[in-house]
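To keep things clear, I will list the structure first and then write my remarks on it.
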């Protein structure tokens, strides 16, 4: 906020890289709709059950996440150094630790 | 009507304890004195314009330091009350209920309202100066962080005289902290005090990451940053990943208490163990959050007072960054006795032992930095030297605790108490004291009296060992934490008495520090050089105290220890690096919004504590109104003209 005149070189850098095009937004939007529709159809119409249903639901959730990141969060377009990507990876590691760790630690405590 | 008021007051205020009545009187008298003094000396405007609304990182840093020293006083008083009780067991100096409240507030205050703000104070005072920046990345947010911390801390502290203190331990394990076992408001004060200041901590973490990554002086590559800056970066990364866990955990506890949910209750499918699991996912990284910057401080001090470059710069960076990541994989060692099975315990025992390796690397780096250096021993260096043996012993008892089978003996005994006080006092408190002594001349423009400082150091250091060494033995003799009394036939009396004497020695050490500050203000020894210690990094290249824009021209950096190298060049007769032309400096404008918004948060929190929606809702509306107002406020910055910069620099005796 306070600093920009001092870093004259930064000014050009700040003036936004390309943030996607109409085409990429439309593709992203379509993909996210499809990935939302798949689990809904499967569950509402009882197409799959049990483990196979869970696998498909989880897979479409993960794909949805990826689509959001690439088409709307512009993960690919970030210039170097890729802070956003690094932070995202670090965050994912921590989230994975929290979820998997809690499940593992609480296994023997979930009775009762 | 009168009876109604009486009823309300006897619930609302804490009654029945002479110690608390005494505190009530002291609080009221102090407040009257402060208000009278401000009015008499006509200082209200000064207070508002120069301090409360300031977005200057240096002033915010000073306010953090003052607030945290006050909290150190309160937390220290709590500690001495507990030690007094344990030195005279069965004398009912404190009732068991009062003792519960005191060990709870002691823990919360020392970690969250003393160590954290003192750390943020040092971040603010040093980081922008050290990386050649003119302020932090988000000055407004910085001010908001401070005021959220301040009002969160006030909300927590007010529980002492209004409503009743929390008394379920510093991490408030359920089911004790649930409505079923703690129906009073104390627990809600705990939740809201920590939540409100927690928002501030998270924002400070973000602020300093962005500042360090984006605002370094041109030429200062990441691997040329001063070590304190690296330590702050690693600490802040840990903050932004760990604090959300705390927020969510306490929010779930609040939902349990306020809306009758069953996340952590004993009945209806709740599981209190889940709370313990979650809170330590924050709690363990938290101790690394507070100790990493201390490591950075010691690295700066070791290099400066050895007149040598820091030994093993790269290994130090690697150690700091790996600790900030690995601190997330050790949390279950806090509850080995929970019964998660041998696999879980073995895994977390090994990760805990592994994390000692990077810490050990650092100790060797400091030792080799001093090896064959031109050593001098002013107070900052004394604290550094006191720290090394203390932290090594504390770290090794930590490794003992990490041995899961042995931990079944040590768990929640005084052995544990001695261990974590040794790393938190010997590491964190000694580190921040060292940092305060080291940067004091830079912040205030005068040096602190060395002689009184050394008295304070020895009192603290000796007091520490007298206080905590006996506790290791007490733990092995079977004394558990949080007992307010014990039988005379236990054989614990002598060691407890010794420990209490040590506690009071540290208390006297604190008084010496207060005396040292007052004495140094009275017989002020001005620092006219801006570089009283022969420093190595950029903050020592500007006048003390730093002008409001920090650097008249932004320095260009080409190597590590930029200021030291520049001094070497000048000493060799080479021309100093040419400075660019002065240009008007872009600065952020002061704003009262952070203070008002945080006050609204306080009102909302207080309303939720007492379940007064008529108070909580207007508070939240106030918060939203402040956000809205600031979103549409475009008048947030101004330029300092070149003439004014010239005048300021000339007044500080600098040629431009």
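The chain as shown is numbered from 1 upward.
Glycine too: its Cβ is placed from the backbone N, Cα and C atoms.
Curation plays no part in TrEMBL annotations; they are all automatic predictions.
What TrEMBL lists as domain 'Cytochrome oxidase subunit I profile' is B:42-558.
Annotation source TrEMBL lists transmembrane segment at B:20-41 (among others).
Taken from TrEMBL, the feature transmembrane segment applies to B:101-127 (among others).
Annotated transmembrane segment per TrEMBL: B:139-162 (among others), in sequence order. Within its own chain, the transmembrane segment (B:139-162) has Cβ neighbours under 8 Å at 12-14, 20, 23-24, 27, 53-57, 60, 63-64, 67, 71, 74, 105, 108-109, 112-113, 116-117, 120, 124, 185-186, 189-190, 192-201, 203-204, 206-207, 588, 591, 593-595, 597-599, 601-602, 605-606, 609, 630, 636, counting only residues six or more beyond its boundaries.
For the transmembrane segment (B:230-255), the list of distant contacts is 119, 123, 127, 172, 174, 177-178, 188, 191, 194-195, 198-199, 201-202, 204-206, 208-209, 212-213, 261, 263-264, 275, 278-279, 281-283, 285-286, 288-290, 292-297, 299, 316-317, 320-321, 323-324, 327-328: same-chain residues at least six beyond its ends, Cβ to Cβ under 8 Å. The transmembrane segment feature in TrEMBL is assigned to B:230-255 (among others).
With a threshold of 8 Å between CB atoms, the same-chain residues lying at least 6 positions outside the transmembrane segment (B:275-298) that come near it are 111, 115-116, 119, 122-123, 171, 173-174, 227-232, 234-235, 238-239, 241-243, 245-246, 248-249, 252-253, 263-264, 320, 323-324, 327-328, 330-335, 338, 362, 366, 384, 387, 420, 423-424, 427-428, 430-432, 434-435, 438. Residues or ranges marked as transmembrane segment in TrEMBL: B:275-298 (among others).
Long-range Cβ contacts of the transmembrane segment (B:310-332) within its own chain (Cβ-Cβ under 8 Å, at least 6 residues beyond either end) map to 223, 227, 230-231, 234-235, 237-238, 241-242, 277, 280-281, 283-285, 287-288, 292, 295-296, 299, 302-303, 340, 344-345, 347-348, 351-352, 354-355, 358-359, 361-362, 364-366, 368-369, 371, 560. The transmembrane segment annotation in TrEMBL covers B:310-332 (among others).
As annotated by TrEMBL, transmembrane segment applies to B:380-404 (among others).
Residues or ranges marked as transmembrane segment by TrEMBL: B:416-440 (among others). Same-chain residues lying 6+ beyond the ends of the transmembrane segment (B:416-440) with a Cβ under 8 Å from its Cβ atoms: 65, 110-111, 115, 118-119, 122, 125-126, 287, 290-291, 293-295, 297-298, 300-301, 304, 378-380, 383-384, 386-387, 390-391, 393-395, 397-398, 400-401, 410, 447-448, 453, 460, 464, 467-469, 471-472, 474-475, 481, 513, 533, 539.
Feature annotation from TrEMBL assigns transmembrane segment to B:452-473 (among others).
Annotated transmembrane segment per TrEMBL: B:493-515 (among others), in sequence order.
For B:592-610 (among others), the entry in TrEMBL reads transmembrane segment. Nonlocal intrachain contacts for the transmembrane segment (B:592-610), taken as residues 6+ away from its ends with a CB within less than 8 angstroms of a stretch CB, comprise 48, 52-53, 55, 140, 143-144, 146-148, 150-152, 154-155, 158, 163, 185, 188-189, 192-193, 195-196, 199, 258, 616-623, 625-627, 629-630, 633.
What TrEMBL records for B:616-632 (among others) is transmembrane segment.
Away from its own ends, the transmembrane segment (B:20-41) comes close to residues 13-14, 47, 160-161 of its chain (Cβ-Cβ under 8 Å, at least six residues beyond either end). Across the domain 'Cytochrome oxidase subunit I profile' (B:42-558), mean pLDDT in this model comes to 94.
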